[in-house]
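Features as listed in TrEMBL:
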REGION    1-68  region 'Disordered'
COMPBIAS  1-11  compositional bias 'Basic and acidic residues'
COMPBIAS  29-42  compositional bias 'Acidic residues'
COMPBIAS  52-61  compositional bias 'Acidic residues'
TRANSMEM  100-120  transmembrane segment
DOMAIN    102-589  domain 'K+ potassium transporter integral membrane'
TRANSMEM  140-163  transmembrane segment
TRANSMEM  228-250  transmembrane segment
TRANSMEM  270-286  transmembrane segment
TRANSMEM  293-317  transmembrane segment
TRANSMEM  343-362  transmembrane segment
TRANSMEM  374-394  transmembrane segment
TRANSMEM  414-441  transmembrane segment
TRANSMEM  462-486  transmembrane segment
TRANSMEM  498-519  transmembrane segment
TRANSMEM  526-546  transmembrane segment
TRANSMEM  552-572  transmembrane segment
DOMAIN    603-846  domain 'K+ potassium transporter C-terminal'
REGION    747-771  region 'Disordered'
Amino acid sequence: MAEEGSSERSEINGGLPSMDSTESRWVFQDEDDSEFDVDEDYDNARHRAVLDSEDEEDDDNAEQRLIRTGPRVDSFDVEALEVPGAQRNEYEDFSMGKKIILAFQTLGVVFGDVGTSPLYTFSVMFSKAPIDGNEDILGALSLVLYTLILIPLIKYVLVVLLANDDGEGGTFALYSLICRHAKVSLLPNQLPSDARISSFRLKVPSPELERSLKIKERLEASLTLKKLLLTLVLAGTSMVIADGVVTPAMSVVSAVGGLKVGVDAINHEQVVMISVAFIIVLFSVQKYGTSKVGLAVGPALFIWFCSLAGIGIYNIVKYDSSVLRAFNPVYIYYFFKRNSTKAWYSLGGCLLCATGSEAMFADLCYFSVRSVQLTFVFLVLPCLSLGYLGQAAYLMANQTGADQVFFHSIPSGVFWPVFFIANVAALIASRAMTTATFSCVKQSMALGCFPRLKIVHTSRKFMGQIYIPVINWFLLVVCLISVYSISNMDEIGNAYGIAELGVMMMTTILVTIVMLLIWQINIVIVLSFITFFLGLELVFFSSVLWSVGDGSWIILVFAVIMFFIMSIWNYGSKLKYETEVKQKLSMDLMRQLGSNLGTMRAPGIGLLYNELVKGIPAIFGHFLTTLPAIHSMVIFVCIKYVPVPVVPQSERFLFRRVCPKSYHIFRCIARYGYKDVRKENHQTFEQLLIESLEKFIRREAQERSLESDGDCDSDSADETSCSRVLIAPNGSVYSLGVPLLADFRDTDRPTNEASTSEEVNPAPSADPPLTAEQSLERELSFIHKAKESGVVYLLGHGDIRARKDSWFIKKLIINYFYAFLRKNCRRGIANLSVPHSHLMQVGMTYMV
């Protein structure tokens, strides 16, 4: 995987061992599947039952067993040409200077959100539960300190960060991790060969394996549980996007609000106008990327944390060092005893000290887990704790200064420098959640749950650092609406709590599933985790929901809209794929058409893009009936995202021969992880494709030569009793358990079938049969000539419509909402930058 050092990664992923591509592995196998994913269509004119077997090999209900495989070998995985600039281990072999730079970027990108919480936490808390004695201050401080310890530290830093998907964080990374170990995806395009990508790293058996297998079987067998799991993921992601709206509003408004402390003439309307200007600047600089901006603001945030600690120590020494008693949790009990209902209301404000916890997880793709953990434990948490202790010490002597307590507690001599750093830190905090939103949206797009949008990669070194223009400007507009609509900082804080808690609860549930299914740890630990943390978050959530009518409902509405957009896109994409599977062309029809496909074969290569991983797409029949000729070589190209962050370049392409050799039709599945960068232009992609195809054909010829070199001891004509063998790169010999060449030797000669259904008896050929080497050279020469004639991209412009007998709601969703999203989303071919002279499109309507 293209991630940080492999030894660290193996520790991070729940102790999962790092697997080399030639190591033995434990994998789940269907009872009726062979050890190797053999697509029988690639053989030359095989028996009809074998030709049709592609349609039958995807049996989701087949019984599964856990087997130990030999070295990972797939006879259809070919080594692709290495793309210059493709990064494998992004963070290894860094010099000390680069590590220091990376640490500053970590501060600037990951911890901005949680670092600015002292600006507003006590202000919101004491607006709901006014101070009535020093006991209230100690109780509120104790509540904040233990919230910091329990949620950001114990839950996220020590547990949730370990549930990363090979360095990727966020709700969709958790979903991807679960999909990799159980067939819970609603899109039925999984292949057995996907599990043999070295990135999968399936876990070896353990004492908890039986329970894990039962959970896996239950998830895979229940459509309701699959839909419920996807609903939780979409709800969590919609809350992350909503968090990206409310974070700039809360952070910037609270920071700019310090002007009212420094300048008496400033009123709230002027604060809002200045905040709006800052927010516009913030979103305008997002396009410059995480590396550039993170490096610029990293030192500023380091100064911010040092300022928090310094001001905190100053206030503790000057006003009241007895605030250290707040580490005794008994003051939390006294706080609730004294204030009861008001204390419960203040929980929404208390939670604000933990905002940014989810950003730490979602922004994990930018940096290593260990760097985030160490930075939080040794810098962020101590500075935050000292900051809150200092504010509480100031309030012990100045109980009337609870409003804007942070700015009131700043020594007068350093007020304006700290005010400046606070505003810079607020802008950084807003960026932290925005970059987290970009990561989540990209992951959801790759897994088919968000409309395709333009993604700009802002770093040549780190492929995970991205910028999505549409999402950026969309967040800006909604953020400005929120700032104008929700005028009170307490209401903005309540909306902030709703968005943050929604994500936290979804993360708790998904991490629990990871514990049961993947980590396979003791059930007592799992139950303790979900009971304690989900119960704690539900208590906080009940507090913020009570005040939802104050104006924070706007954020809930926004999150619901995002949830419906993702749900509609996933639902429409699933129906489209299922319709394509039902309408795919049969092998009987292909045999009837003959090698000329019932039309003229023009020189050249046609790359027909489709989403099917098996079978011949219906759009191909549309091309045959619409165009006067078809290319002499046709390759069905499927761009498929598998539930791993990165697919190694050597395992990118999966080739299969679809029809007999004389048809010159292949299938290529180009597999990408959801973190993979598709920067290749069309020339590079074509080069990768053709070189991979040649390697596949050479390997196929090598296997056939092995079959004919005396694998059978008997001279009997019944050669089908022999099994085909495969020699792995390490010398191991595998039996593939399929018939030998007896069924298709006679078809190596070129076919001259008529394009009509009339039987034609071909005249016997006087030419001697070709040797294996001659046949190989002829096919390679054919590929070279076709490549020289040109490559054309064949695209099907599909129109999705609901059937006339469908329900009204389905017609509304498919014919209007989903159609609108498809019309305005980015075309998949745009990623390859194909010139229009190389494109050929045919329209087709899918009735779903």
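Cβ from N, Cα, C; glycine included.
Beyond the transmembrane segment (374-394), the same-chain residues lying 6 or more positions past its ends with a Cβ under 8 Å from any Cβ of the stretch are 103, 106-107, 110-111, 114-115, 117-118, 121-122, 137-138, 140-141, 144-145, 148, 152-153, 157, 305-306, 308-309, 311-316, 318-321, 323-324, 326, 353, 360, 401, 405-406, 408-409. Per-stretch counts of Cβ pairs under 8 Å to the transmembrane segment (526-546) identify 343-362 as the leading one among 270-286, 293-317, 343-362, 414-441, 462-486.
The transmembrane segment (552-572) is in contact with the transmembrane segment (462-486), judged by 3+ CB-CB distances under 8 Å for residue pairs 6 or more apart in sequence. At the 8 Å Cβ threshold, with sequence separation of at least 6, the transmembrane segment (414-441) lacks contact with the transmembrane segment (140-163), having fewer than 3 such pairs.
Within the same chain, the transmembrane segment (343-362) packs against the transmembrane segment (498-519): three or more Cβ pairs sit under 8 Å, each pair at least 6 residues apart.
With pairs at least 6 apart in sequence, the transmembrane segment (462-486) and the transmembrane segment (140-163) have fewer than 3 Cβ pairs within the 8 Å limit; the two do not touch. In this model, the domain 'K+ potassium transporter C-terminal' (603-846) carries an average pLDDT of 72. Outside the transmembrane segment (270-286), and at least 6 residues removed from its termini, the chain residues within Cβ reach (under 8 Å) are 248-249, 252-253, 256-257, 259-260, 293, 423, 426-427, 430-431, 434, 467, 472-473, 475-476, 479-480, 483-484, 487. Residues 14-16, 151, 155, 159-160, 163, 171, 174-175, 177-178, 181-182, 203, 211-212, 215-216, 219, 229, 232-233, 235-236, 238-240, 242-243, 245-246, 351, 354-355, 357-358, 361, 525-526, 529-530, 533-534, 537-538, 540-541, 544-545, 548, 552, 555-556, 559 of the same chain lie 6+ residues outside the transmembrane segment (498-519) yet bring a C-beta within less than 8 angstroms of a C-beta in it.
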